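One structure below.
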Amino acid sequence: MIKKIKNIINKIINFFSTIYILCKIYLYYNIKNRYEAYNILSVYGDDDFFNKPCPEDSSNWKDKLTFKWVERIIFVGFFRAPLNLNDISDLPSSLKVENTAPLLKDIIFNDSTIPLIKHIYSKFLPRNYIATGLFVFVSVFSFITPLILKNFLSYVEKIDEQKHIYIGIIQCFLLFLSSFINMASQQYSYWFGFKTSLEVKGALETIIFEKMTKLSNLSKKNYNIGSMLNLMSVDTDFFQYFFCHYYIEIFLFPIQILSLLGFLIYVIGIAGFVGFLVMLITIPLSSFLGTQISKNLSTSMGYADTRISLTGELINGIKFLKQYAWEKMFCERIEEQRKLQLKYLYIRIIYWVLVQIVTQASSGLVLVSTFTTYTLLGYEVSLEIAFTSITILQNLRRPIESLPDCLHKFISLIASAKRIETFLQSSELQNQPFIHNQSGLNDILIRNINFNWNEHNLKLKNNKNNQNNNQNKRSIILSSGEQFEITNDFTFDGIDIQDDNYDYEKEYKINYNNNEEEENFMTDCLLKIKPLIKDRRLQQQQADYQDLLSINLPPPPSENVDFKAPKGLLTIISGGVRSGKTSLASGLLGEICKAVDKSSPDSVNSILSTIQQPFLQSTSFRENILFGKPMNMERYIKVIEACCLAPDLLAMGEGKDLTEIGERGINLSNGLKHRIQLARALYADSDCYILDEILSSVDPEIANYIFQHCIKGMMKGKTVILVTHQIQFISSADHVVVVDNGVLIQGTYLELLRMGIDFEMILKEKENRIEKQIVQLQEDEDYYEEVEILDFTMNNNNNNNNNNNNNNSNFNGNNKLKRSSISLPKGISIESIISKDFDQTTIEKAKLFVQEDRNKGDPGWIIYKKYIRMGSSISFFIFTCIIYLTSQIILLLSDYWLQSWASHDRLNVSEPTDVHYLLIYLAYIGGFVFTLGVRYLLIAKITFGSAETLHRSLLKSIIRAPLTFFEQNPVGRILNRFGKDISDIDILLLDCFSDVLYCGACLVTSIGIIIYISPYIAIPFVILIAINYIFQLFYNYSVLELKRIQSISRSPVYSLLSEVYNGLTTIRSFGQQERFFNMMKDNININLRVFFYNFAVSRWIGIRVEFLSAIVVLMSALFSIFNDNPGLSALGVTTALGITFNLNWFMRQFGELESRINSVERVQSYISIPKEKETNEDEFIQTGFIWPSRGEIEFKNVEIRYRPNSIATLRNFSMKINAQERIGIIGRSGSGKSTIGMSLFRMIECSSGSILIDGDDISQIDLKRLRSSIGIVPQDPFIFSGSIRLNLDPFDQFTDNEIWEALSKVKLKKMVSTMPMKLESLVQGGDGLTIGNKQLLCLCRAILRNSKIVLFDEATNSIDFQTTRLIKQTIEENFKDCTILTIAHNIDTILDSDKIAIIDEGELIEFDTPLNLIKDSTSRFSKLIKLNNNQKNKLN
């Protein structure tokens, strides 16, 4: 017996080898010659099919039945691989999201209470009645094959004299037809079900994105980018998978099971009822296990949300993590969430194994219980009874095995539906910005308006205000700061404000110019602020800056706001830290909730804004300015000039204004980011502009230029609301609003001076500080001569007036200076640095982002080998395959034993009894169940281990990637690996691998038994296998490329989602929601298009394989007619019918496996990306325990390029910094200042030259040691989600007392101590903290780190003067023994440095003490001080 089986296996191997060789010869010679002869490629491959309609729409019924309409893609994929997107025709119009999304919009717009799943069924089921009819037809037709088989087996059992050969042949063809029609119908039902699933998926993704663009700020806080990505990927994929496979079957499976069991009872009698009872027991058990699977999966998805959110935060803050050397900390946080996720995924796998055991064993248990009962009742098991029952059970196999999976998928679907429903019911932002209307004729006037970040609190406040309407008490609050209550008990300068005869307006000489409306408005404002206005000069002298910085989290609401911005004039909003400036601007934009108390505002018809955190798209410089507007070259050039962008364009090289900008402007300086967003607003030509801190991030020269040429120039005649803490510009404003501790005080500049707000004193204090620093420098140098210093003081108005005309000129006399900060070199026009047309050469030079990697060709065994080795070993996998094969052999032997039982001669007393046969049969079933459990545990171990290893390796690879990797790859693309790809690896690969091994084992054993029964059937088998192999070759070349394109086509969806999420405020203020919505619809349609053709190609081969399988059934039946052993004949035909199902399922799941293994391929490609340069063990400099001990820094001929072929950012840069020196580094935006800091941290490696710290070349220092030894306060403070403690001391290196002491030094102790959980209080990405607070927290980190070298990278640009003074005071007190590098563009920030370094175009043009530079009238530094003097006095 064993020898015969070995011979059969050898024959099968020889057959496959022969087939493979013959097919290769045939395909690569005959077919390719034919291809060349008929020029197939000229027919299919030369044209661009991207915009051509779907060929299915114009195909005839025969092409639709055979899926011939998709052959063009198959042939092009085989003959001219790889495929690209232009080879793929359009999506059918019925599947486009423009036609499907409106079906679900009721859920958003009408506050539908209908559950999402029910709503989808009601909308999409009637559209796809063909799919419903096909599913019903397949269920009904599943009874036909067992009936035909029953008659065929009755024919086989007859003696030869009673047989009529033509009857047998007719029944053979009936088996062929019933098998083919049944399985072909399933293919068509899959196809139409798949179309439904695409409609649902596209519609859901569209409405989720549309809803996201409408989210209020509170809702946005509840849904971070990780949650949004999960909604758009994992949750919508659950819907797609369910509606593709189960949305009709969930109703039909129970009916099908009951009907087939009823048919089994009809065939076998009352014994079938016992089998029915066994089935009833297994179904609830499977359902319970399925529920547990879904429960654990849902829990794991919650941890996956957190993991992806943390990963997104890691990618967004990768620069800061590397500078702080905190990668390990963040990796541990992500790994912690990953472990929790894997814990529940592991529990899910245990339940999954139990489900597989129950469902796979149930058919055998039903058969055992049925035959046992049948035997005990005294009946004989005949061939007709036995194999008809087996066929019924084979038909029962899919509904029985699929029903539990279907139920637990439905439970998972409910969980996803609830997540989506909750999101869709989230509160939305009010429809329009606060100051929109159609007239635009009047001032912006707001009276008695309540603002709040929280809608619920706003309603409570409104109700409370209504209840207390008659009380003489008012509350005025703006976002943060204390709540000031105005009562009748206050007095103002000794005057009782209840005195109606007190003429406040006369006292402060306020003139309303006979404007009754303005008089009423100002009177109301003055009544509110009377009790709060003090002598501001006294306040400035006695101010406690610690109190100014104290805040409570979350920020309190804003109530009873009165605000005015005159039409066509400049309004400046100013105030201290957390005074409410940005909240007021957000309220005007409609970004926070509002309720009108008494009156509505007059409005303008268009409004644009710039925000403190600039939003830049990952597209070209030009597109970021145009922002969807058509190109107007004349205006475009004016905008470039007004925003001082021409020198930056020149520095971009050959790419000019088509140069790509990294996501979030990662490759740009902070000042350039702000100027680009200012240019965007200016180009759009609005009626009203709200500009939030745009002048703080640029140097004084550029700030003055922008103020004069942009704000007072091109924006002249527009309503401009400028939010700034730079009070030197206030005197130029037409209307001033001071926000002080939640109170709005407003009027003209002179009116506010009369009220006691002394701007001049604050400005003079700042100017005097510069003057005192200069005088101190003189004293330190014992230099008392009269020098030109007096010309630089802020009181010398004569020189100021003479120099006002020189603000925009080059600094003559300094031959080191390359060019002015604001103008182009002579001979270069602005037109020459703007690309005239989109020529391919310029575009290629302008590219920053790299095209997403896409492997080509068949990944073959290599990718599977890598995947398996990550979870176990190749030998372990081979052992698993053997167990799969063994279990199927045992099952097949049980069927063989059953035919022996049915065929034995019961009249012969020497033959074994029925009990003997029954016991052996039970032993076979027991062995099958045991090996079943073992095989599933083994494959689960491999896939689970691989998933764990892949994520860990991916995370380590990303964290070690150089900064250029993140500049060249959008966040969405990277998160796609951590989201969709890892999710597929975690969940779907287990099912796919298991099903492929199971079906493969079934096919091998089935083919083996058929050849064993009828050896001559091997001859036609060779032909059929050869034809099948040819189909497979054509299929594989195309489907692999389609799957890769499909994976890549998802990245733009996620990238755009991430981009829009981060830029919602800007997008909404520009009214660009529709444009981005259309972009997302295009991206979704492209992804669905590739998905559509991918599935169509699978159906093309599926229908052909089904036909070949039906021929196998026909041949097996024909050979059985002439077989002398009826039992073996019955076994052969039954096995052939099983091949039909198994081959169909194998093709389906193998295609699914190939698709999912692409996720492994994509993750693997990121694991192998280049890493940051590691120091070799031999080259590593073994530093002492304390390093650096002195803090000496030396740059030696350093040259740095961000990319190999780019312009050098630093050139021939040499500079030596002694220990404990304070170095001030200044230069225009983009001059290379920040690159110096980046090079110190080895964020960018030197192209040439070297950097030494304490005499050690930092390129030979371990990266972690280097970065952890240098302190930094960055220009864009980044606060990670987590506690205050985590943001200050992530490695628990310091005690609570040390942390509190550091907080006290930066004057944040009071703020943190008032938080509910003190150091453990959560700050989600810095929400509720001002820029100043964030900078102080970063300063606190530097104090705790106690490094010998500290870098301050433009750390005070975006904060007010008081906070800047606090930071400088803290630096002086806590970093006395440190080497300090201060990068800045404000002179007063670095004037007290020991030396000043001036950088221009990447070169060091001046480096000396401040005094020496000041004494040199030709130096750049002395001219900068003069310029600073001129600008401020001109404004005054």
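Every residue gets a Cβ built from N, Cα and C, even glycine.
The following features are taken from Swiss-Prot:
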TRANSMEM  8-28  transmembrane segment
DOMAIN    128-412  domain 'ABC transmembrane type-1 1'
TRANSMEM  165-185  transmembrane segment
TRANSMEM  238-258  transmembrane segment
TRANSMEM  261-281  transmembrane segment
TRANSMEM  349-369  transmembrane segment
TRANSMEM  373-393  transmembrane segment
DOMAIN    543-766  domain 'ABC transporter 1'
BINDING   575-582, 1227-1234  ATP binding site
DOMAIN    865-1155  domain 'ABC transmembrane type-1 2'
TRANSMEM  873-893  transmembrane segment
TRANSMEM  919-939  transmembrane segment
TRANSMEM  985-1005  transmembrane segment
TRANSMEM  1017-1039  transmembrane segment
TRANSMEM  1101-1121  transmembrane segment
TRANSMEM  1127-1147  transmembrane segment
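Same-chain residues lying 6 or more positions outside the transmembrane segment (919-939) and placing a CB less than 8 Å from one of its CB atoms are 352-353, 356-357, 360-361, 364-365, 367-368, 371-372, 876, 879-880, 883-884, 886-887, 890-891, 893-894, 897-898, 901, 990, 993-994, 997.
Secondary structure from DSSP puts Ser1231 (ATP binding site) in coil. The Cβ of Gly1227 (ATP binding site) has Asp699, Lys1233, His1385, Ile1398, Ile1399, Asp1400 as same-chain neighbours under 8 Å, each 6 or more residues away in sequence. Lys1233 (ATP binding site) has a Cβ environment of 26 other Cβ atoms inside 10 Å. Under 8 Å, Cβ to Cβ, and six or more positions away along its own chain, Ser1231 (ATP binding site) finds Ile1399, Asp1400, Glu1401, Gly1402. Cβ neighbours within 10 Å of Gly575 (ATP binding site), excluding its own Cβ and spanning all shown chains: 25.
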